[in-house]
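Report on one structure; see the data block that follows.
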Amino acid sequence: MAAMVLAATRLLRGSGSWGRSRPRFGDPAYRRFSSGGAYPNIPLSSPLPGVPKPVFATVDGQEKFETKVTTLDNGLRVASQNKFGQFCTVGILINSGSRYEAKYLSGIAHFLEKLAFSSTERFDSKDEILLTLEKHGGICDCQTSRDTTMYAVSADSKGLDTVVGLLADVVLHPRLTDEEIEMARMAVQFELEDLNMRPDPEPLLTEMVHEAAYRENTVGLHRFCPAENVGKMDRDVLHAYLRNYYTPDRMVLAGVGVEHAQLVECARKYLLGTCPAWGTGAAVHVDRSVAQYTGGIVKLERDMSNVSLGPTPFPELTHIMIGLESCSFLEGDFIPFAVLNMMMGGGGSFSAGGPGKGMFTRLYLNVLNRHHWMYNATSYHHSYEDTGLLCIHASADPRQVREMVEIVTREFVLMAGTVDVVELERAKTQLTSMLMMNLEARPVIFEDVGRQVLATRSRKLPHELCALIRDVKPEDIKRVASKMLRGKPAVAALGDLSELPAYEHVQAALASRDGRLPRVYRLFR
């Protein structure tokens, strides 16, 4: 055995390719790529010698395909954007939502969302619709917001005719059977229960702050169906609403990944001259109200000590959201407000961080990093065709609510102060990056095309938006923030509110120079 090992060793050490000794990591061939354990002399900001310079893609937002818009004889707009790939996203967007329910039972849009893609004149059941889409690898979805209802399908582009025909049938010819309405009633009830039980209060707080900001008008109306209205919904109520708001002049058929001429042909075939299930006739009860910002406070006292969904206990928190009126997405100040919102940023105290998480935004640097007891501080910007709302959501222990409110009001006041050039450029870069990254997804492009054409009858291209973002100056941020601070605040509060300051004190803090709440003197603590 020893002789065999010795012979093999001699063979490997002999001549030929097998006998060549391999270079070791200590050899000069490797040593020139290594620092040898010492700190490298080349800084990370300098390119490595001998390495070719990489060519990066430019962030100009230029798209290879043009957004085309055609208006049919009945007023319906057809918008398309071609895109590489064999799949497409097609849908119908409608100027319909909770803001238009002033003359109707609140919650109709919420019910229609649950009834979407149910049985129609051509399809006997939801299963038949799904089987039809399955033949083209398709999926469907319906979403409602305060001002828009969207029916969408993603499928193989070869099935475009089938998809548009299906969408037209779903939107204009739903059966709305008693059984389907009862199923939708159960789904709405479950969603309302879930909304009140979930540990994350953000959807509920958003609902409350809109109610406070726009008292009983337009976008301040309930987005979710109130519990007392769930049992009142029937086919007649739904048809009365559909007759006035599901009209061609309030619709856009949008498609991404399709040829425009083919989409227009399908629209003429299925959406021109058709009689909807609720009959024809002029829309007479259409709400064209303009949003009236009122400001105010909405409070909901609730025991938040046991909201954990599992065995791990969740800390008892009080949540507040303070908002001020900003501007509509049609105004020139919309872009500065978007940059301001990105500059504020924020998040939760347990965020893992990482690239793009906004760890250098103001709400992280000034709030979460300095106050360990703050569980959340996040900025949100809601914008509509006639108004907007910039909010900060914060969460903390109920005993520190007053201090938390003062920290938030101070951050609002600081918005109108000095804006550092570095933080502004970082916010602009992050906003541009987020915009371009989101627009890589076909469904997002579809929604962008549809919403813009629905609101403005045209589409502002990404490179135009990038140019507007780059043009934002520190004085623009200071100007829009100063204008915003002159308005009344909208306040939403949820949880143990025993330490919540009075609304007048919050308003006084936002009107002060330093954002501090008025001092409260108590004889007994």
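In case you wondered, yes, glycine gets a Cβ from its N, Cα and C as well.
Taken straight from Swiss-Prot:
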MOD_RES   Lys64  N6-succinyllysine
MOD_RES   Lys299  N6-acetyllysine
TRANSIT   1-33  transit peptide
Q | Surrounding CB atoms that lie within 10 Å of the CB of Lys64 (N6-succinyllysine), all protein chains | A | 7
**Q.** Residues satisfying Cβ distance under 8 Å from Lys299 (N6-acetyllysine), sequence separation of at least 6
**A.** Ala492, Ala493, Leu494, Leu497, Leu500
Q. Which three-state DSSP class does Lys299 (N6-acetyllysine) fall into?
A. strand
Q: For Lys64 (N6-succinyllysine), just give me the three-state DSSP call.
A: coil
